[in-house]
Amino acid sequence: MAALGEPVRLERDICRAIELLEKLQRSGEVPPQKLQALQRVLQSEFCNAVREVYEHVYETVDISSSPEVRANATAKATVAAFAASEGHSHPRVVELPKTEEGLGFNIMGGKEQNSPIYISRIIPGGIADRHGGLKRGDQLLSVNGVSVEGEHHEKAVELLKAAQGKVKLVVRYTPKVLEEMESRFEKMRSAKRRQQT
């Protein structure tokens, strides 16, 4: 665990654990299958994604703030990590350069529509498309450390527009919810059209 005022860096700890696993394998004291399985997990993209999200969520809190605030940040980071480990679509950190060209994606949803905020479209040839880290159907969880969960659409738009240099997004892939949302919006549009005729 990091000392007070020190950022959480789990990568070093994971590397050390892998070194110790390799040493234990060479000793022959433990069946190699179990050690190799654990080593594969620690070296997996999944574990790396969980680590990134944990560190990112933990970093959003001011280190000099109260113990309660730090504990809350640690709890949120732990929940994100456990959600990922239980097979839920795990959150990922995506960093995009912010240029005059924009970010190359559209969002939909928000509190006023009683839905999460989603990436509804990746613009072909745009920054997000060229980067490849975002997918249509990604739920937007935070923008540069500011949570947009349960927020109005406009807040997410403002945060995205205000970003300079780079924008750091935390997203989670949940395409079924996006499909349900789009279907609901299409039904609402159809009902409006019928009322107008």
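Cβ atoms are placed via backbone N, Cα and C, with glycine included.
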Would you mind telling me which of 2-13, 38-49, 146-157, 170-181 Swiss-Prot tags as motif 'Kinase interacting site'?
2-13
DSSP helix/strand/coil residue counts for the domain 'L27' (10-65):
44 helix, 0 strand, 12 coil
